[in-house]
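Presented below is the structure to which this report refers.
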Amino acid sequence: MSGEVWRWNKQAEMNSIRDCLKHCNSIAIDTEFPGCLKETPMDASDEIRYRDMKFNVDNTHLIQLGLTLFGKGITKTWEINLSDFNESKSLKNDKSIAFLKNNGLDLDKIREEGIGIEEFFMEFSQILNEKHGKMRWVTFQGSYDKAYLLKGLTRKPLPETSKEFDETVQQLLGRFVYDVKKMAGLCSGLSSRFGLQRIADVLQMRRVGKAHHAGSDSELTARVFTKLIFDLVNSRKESTGRRADDQQYQLEQQQHQQQLMMTRCYIPIPVQGRNYVL
């Protein structure tokens, strides 16, 4: 399904990513990381959500990055294994680590055979700088995905405020950064409350690879995004008679303007008594 990227095949796979980007203008991303050191109440303000996310991302190491490049009839996926996380020494959420292990991540192998985070992002930054033209970045509930990507590309802690974070994301990634979870809320029969797998099930899409592996999750995110764009554009075209490309532009603008922070690390509001999972 995906090209697994390790220390021993890094250069060949990075060259493949560089070549593929010449033909694709869309990238779906997913991250696997050691969970959250601080959990955020569901009713927290945007600034508190951002403060907690910054603390979590600044103090933990990314374990996997999934990249799916797609467009012009091409779809190709890479799963980059990153070696900085040390289970015995690095800060982590024990429940999240157990969850990753139960879903098949071999943390010992990733530690021994993976790529250093700084080494990977130095070359990935160069590859992105070679890309000319607008890029579309696609996430699913993607605040942490964007945050780890930003941390890797800048090789710095996250900005101090959510406003600075949004500005830096736009500066580095451009204006067109989509969140498929939000898009699902615009579609008949779906909801922004649904997880990625449930949305795929409703759309009758079969997963390729294992859930909660960054490569498989990014690939499924890319396919769901493509389907939702197609359905949204065509449904609006039928109802308004406007050209499909005009409708897609409006959707892009709407996605860009939706700045509400979506977090993957939170605790339930006590009065509701409901449990939420990552």
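One is the number of the first residue shown, and numbering goes on along the chain from there.
Cβ atoms here come from the backbone N, Cα and C positions, even for glycine.
What Swiss-Prot says about this protein:
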BINDING   ASP30, GLU32, ASP145, ASP217  divalent metal cation binding site
(request) Write out the long-range same-chain contacts of ASP217 (divalent metal cation binding site), meaning residues 6 or more apart in sequence whose Cβ is under 8 Å from its Cβ. (result) ASP30, GLY66, PHE140, LEU196, ALA211
(message) Return the residues near GLU32 (divalent metal cation binding site) by Cβ distance under 8 Å, restricted to its own chain and a separation of at least 6 in sequence.
(response) LEU62, ILE63, GLN64, GLY66, LEU100, LEU105, HIS212, HIS213, ALA214
(message) Please report the three-state DSSP label of ASP217 (divalent metal cation binding site).
(response) helix
(request) Can you see whether DSSP assigns ASP30 (divalent metal cation binding site) to helix, strand or coil? (result) strand
(message) Using a Cβ cut-off under 8 Å and a sequence separation of 6 or more, which residues in the same chain sit near ASP145 (divalent metal cation binding site)?
(response) ILE29, ASP30, THR31, THR139
(message) With an 8 Å cut-off on Cβ distance to the ASP30, GLU32, ASP145, ASP217 Cβ center, who else from the chain surrounds the divalent metal cation site?
(response) ILE29, THR31, GLN64, LEU65, GLY66, PHE140, ALA214, SER218, THR221
